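Undergrad: Sharing a structure here in C-alpha cells format.
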Amino acid sequence: MLKKQVLSPGIKRFELDAAEIARKALPGQFVVLRVNEEGERIPLTVADTMPDKGILVIVFQEAGKSTKLLGSLNEGDSILDLIGPLGRHSHIEKFGTVVCIGGGVGTPEIFPVARALKQSDNKVISIIGFRSQDLILMADEMKSVSDELIVATDDGSNGNKGFVTDMLKKVIDRGEKIDHVFAVGPVIMMKMVSKTSEPYKIPTVVSLNPIMLDATGMCGVCRVDVGGESKLACVDGPEFDGHKVDFDGLMARLRTYLPEEKLSLEQYEAAKPKGGCCGGKGGCCA
Amino acid sequence: MREQDPQVRARNFEEVPYGYTPEEAVEEAKRCLKCKKPSCVQGCPVNIDIPGFVGQIALGNFWEAMKVMKTTNTLPAICGRVCPQESQCEGSCVLAKKMEPVAIGNLERYIADWEAQQNECVMCEMKPRTGKKVAVVGAGPAGLTVASDCAKMGHSVAMFEALHKPGGVLVYGIPEFRLPKAIVEREVNFVRSMGVDLQLNYVVGKLKTLDDLLQEFDAVFVGTGAGKPSFMGIPGENCLGVYSANEYLTRSNLMKAYLFPRYDTPIVRGKRVATIGGGNVAMDSARTALRLGAEKSILIYRRSREEMPARTAEVHHAEQEGIEFNLLTNPVRYIADEKGWVKAVECLRMELGEPDASGRRRPVPVKGSEFQIPVDTVVVAIGNSPNPLIAQTTPGLETAKHGNVVADPKTGRTSKQGVFAGGDIVTGAATVILAMGAGRLAANSIDEYVRTGQW
C-alpha cells in the first residue's frame, strides 16, 4: 500500500502498487483481495486507477471483521493476494444526458463511471447522497466530472434534505430528457432508484454487490435473478439492468451469513489491543 | 488398507485410509504376476509404468520404485488417492478376473508418501533447454501435467492460475479427508522445482488475453476446467441455504471454512443437509456436511445405485459413515421458511425406463408420488460446465455447445494456431486422471509444434 486516507468515519481509501491491474482495469470492474492466510476473499470495486504510475485505488467501508482488518493496514504494508480486474466494465458511450447516482460508499465507485461518461461527451448530472453532512465523500471530485452536482443528506444537515431518489425525481420532473441512469450504492437505494426511473422508461444500470467467493464464475453464490434468468454477478455483471433485477432476492441472500459475520467481528474486536490498532494515534481507527 | 473408524472419521477432516506399512506394501507388490503384456498399463490413461514401479516395491527398492514412477507420473500421491483405479489399472489387472487385483493405487500412494518422508526427492531427468516458451493457463491436473512434461522436455514454462492456490479442483473441490492439501502442495512444489514459473491470482482473459500470451509464448495450453456450476432450474433454488457443490466445497476446502472462525470464511453448518447428485462431488459434499456437524446427511439421486457415477470406494465410504441414500428420487422444488431459508425439498419418486443417450436407463417420474424431506441446507452437485472466460475473450477459438473448447482428442490442438487445450474445458467435468492424460498428449504435441513450427 502506497497511500492511506480516511475519507470519512469508517471509510478508507487505499492507493495500491498494482501496475498490471492498474493498466487493465476499466470503470465498473472490481478486484478481489485477501489480507492474510486466514482471510476471506473480499470483492471491491475499482475506485480509480493511475495507469502511468501503476496505482490502483480502492475505497471501502469498514463493516465486518474482514474490512476492519483491511482498514487496519498501514502505508507500506502488503496485501497477500490481489486479483483483477474482474467482471465486465461499464458500457460507456455518448448517451446524451446521464444521471450518475452514488449512495454513501457507492460514491467513490460511481466516480470513474461519471468521469468516463463525461469524457465521452455526455452531459453528466450527478446525485450523491449521505446520511449526514459529516459523511459526505468525494464531492469535489464528483463536481469536477459533472455538469451539475446535487449533494443530498438524509437529515438535511447540508441544507439539502432528501434521498437520492427524491433528487432524481426532481431532475426528471424539471422536464429535461434523461437518456441513462447509473446507480451505485446500498441495494435498497439501487432498488428505489430503479423504481423511480422505471415509469419514465429511462434505462438504468445498477452495480450489484452480492456475496462472492471465487468471483471468477466458479461457485455460483453471486447468482441473481435478472429478468427471470439466473445470472452470475461476477462474470455476467456486476452491472445489470435495474428494471429487471430481483432486488428482494438479492437482499435476502446478502443476509446468509449475518450470525457468522457478527461472531467474527465480536472476536476480532475482543482480541484487539485497547485504543485500536494504532494505539489511538493514527487515523486508522477513526 | 487400514482406515479410520467410520464413526470417528465422520466427525473429522483427517484422511480416511492410513496407508500401508512398508511390510504391507512389499507383500501387496509381490502379488503382481509380472504379465508379459501388462494390461494395467493399457488401462491407465497416462500409461504409467506400473509393473516397473510395483516390481521395485516388491524387491523393497523404494527409491528405485520412485525413479521409475517419475519417468511417467509426476503426481503419484494425487493419482494414488483420487484415480478411479477400479475401472482403469486395477480393473484391467489379470488377477481381477479371479480375485482381488493388485492394489496399484494403494502402492502408488505408498511410494509417493514414502518419498515425502525422506530428506531428498527423486529429480526428473531434464532435457537440454530448447529456448521455447510455453504458457499454461490453469494450474489444475491437466495444466500441472503439461507444465511438468514440457519442463522435462527443456521448454520454459509459465503457468497462470486465477485462484490464490495452485491445484485447481485438487484444492478447491476434493476434501482434505480424501486428498490432504499438504500433499497437493508438495507435488505442485515438485513441478515448480523443475523450473516452472507459477503466477497465482492471474486471470487470463482479463489481465492478459490468450492473444496477448501468444505474442510472448510459442504455444499456449488452456486447462481452465469446468468450473461453472449447473443448477436444475427448479423453484426455490435461490433461497437461503441452497449451495452449489462448488461453493460448498470451495468454502470448506480452499477457504478452510470448517475452521471458522479461526479462518474468516463462513459456511452454514446445517443439521439436516441434502445433497443432490450421485457423482464423486456429491459424495464429497455429503461427507463434508457430516464433518461440519450435520445430524443427518441425505443424498438424493434420481437413478438407482448401479447408475451412480461415483467411485465404488467413495460410495462405500459414504455409506459406512451413515449418509442416508434416497435413490430414484428427484427434487422438484425447494420450500423456504418465512425468513427465506430452505426448510424442505419436495421430491418425486422415479422409476427406470429405456436407456438414454448416456446408455443408462432413463429415470421417469412416478405420477403423484410427491413427498417432502425436511432440510435446512441443500448442496446441488449435478455437474459443472466449462469456465466461459477464455472462450469469451478469444476470437477464433472454436467452442462447442456447452462452451467446451474444441480440441483434437489425440493432440489437444484447437482451432487456433499455437493454442492447445485439455481436461474438463474440452470434455466437460470428468476425472483427474483423464485431465492428466489429456495433458500428457498435449505436452507431446506442443513439443512437436514448438520444435517444428508445423501446425
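Residue positions begin at 1 at the first shown residue.
Glycine is treated like the rest: Cβ placed from N, Cα and C.
Got these off TrEMBL a minute ago, pasting:
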{"type": "BINDING", "residues": "A:Val59, A:Phe60, A:Gln61", "note": "FAD binding site"}
{"type": "BINDING", "residues": "A:Cys219, A:Cys222, A:Cys234", "note": "[2Fe-2S] cluster binding site"}
{"type": "DOMAIN", "residues": "A:1-92", "note": "domain 'FAD-binding FR-type'"}
Undergrad: Near A:Gln61 (FAD binding site), which residues of its own chain have a C-beta under 8 A away, given they sit six or more steps off in sequence?
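TA: In sequence order, A:Gly10, A:Ile11, A:Thr67, A:Gly104, A:Val105 meet the Cβ cut-off.
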Undergrad: Whole-number Å distance between the CA of A:Cys222 ([2Fe-2S] cluster binding site) and the CA of A:Phe60 (FAD binding site)?
TA: 19
Undergrad: State the count of C-beta atoms found within 10 angstroms of the C-beta of A:Cys219 ([2Fe-2S] cluster binding site), not counting that atom itself.
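TA: A 10 Å sphere around the Cβ of A:Cys219 ([2Fe-2S] cluster binding site) contains 28 other Cβ atoms.
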Undergrad: Can you check what DSSP calls A:Cys222 ([2Fe-2S] cluster binding site), collapsed to helix, strand or coil?
TA: coil
Undergrad: DSSP says what for the domain 'FAD-binding FR-type' (A:1-92): how many helix, strand, coil residues?
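TA: Looking at the domain 'FAD-binding FR-type' (A:1-92) with DSSP, the answer is 13 helix, 40 strand, 39 coil.
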Undergrad: In sequence order, which residues at least six apart in the same chain have a CB under 8 Å from the CB of A:Cys234 ([2Fe-2S] cluster binding site)?
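TA: Those within reach of A:Cys234 ([2Fe-2S] cluster binding site), by Cβ under 8 Å and sequence separation of 6 or more, are A:Pro43, A:Leu86, A:Gly87, A:Met212, A:Asp214, A:Ala215, A:Thr216, A:Gly217, A:Cys222.
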Undergrad: Pick the one among the binding-site residues A:Val59, A:Cys222 whose Cβ has the fewest other Cβ atoms within 10 Å in this structure.
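TA: Output over binding-site residues A:Val59, A:Cys222: least Cβ neighbours within 10 Å is A:Val59.
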Undergrad: In angstrom units, rounded to an integer, how far apart are the Cα atoms of A:Val59 (FAD binding site) and A:Cys219 ([2Fe-2S] cluster binding site)?
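TA: Rounded to a whole number, the Cα-Cα distance is 25 Å.
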Undergrad: Return the binding-site residues from the list A:Phe60, A:Gln61, A:Cys219, A:Cys222, A:Cys234 for which some CB of chain B is under 8 Å from the residue's own CB; sequence order; 'none' if the set is empty.
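TA: So the ones by chain B are A:Cys219.
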Undergrad: What's the CA-CA gap between A:Cys219 ([2Fe-2S] cluster binding site) and A:Phe60 (FAD binding site) in angstrom, rounded?
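TA: On Cα coordinates alone, these residues lie 24 Å apart.
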Undergrad: For the domain 'FAD-binding FR-type' (A:1-92), what's the mean pLDDT in this predicted model?
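TA: Taking every residue of the domain 'FAD-binding FR-type' (A:1-92) together, the mean pLDDT is 94.
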Undergrad: Applying the rule Cβ within 8 Å of the centroid of the Cβ atoms of A:Cys219, A:Cys222, A:Cys234, what extra residues of the same chain belong around the [2Fe-2S] cluster site?
TA: A:Pro210, A:Ile211, A:Met212, A:Leu213, A:Asp214, A:Ala215, A:Thr216, A:Gly217, A:Met218, A:Gly220, A:Val221, A:Arg223, A:Leu232, A:Ala233, A:Val235
Undergrad: Going along the chain, which residues six or more apart from A:Phe60 (FAD binding site) have their CB under 8 A from its CB?
TA: A:Ile11, A:Lys12, A:Leu44, A:Thr67, A:Leu70, A:Gly71, A:Val105
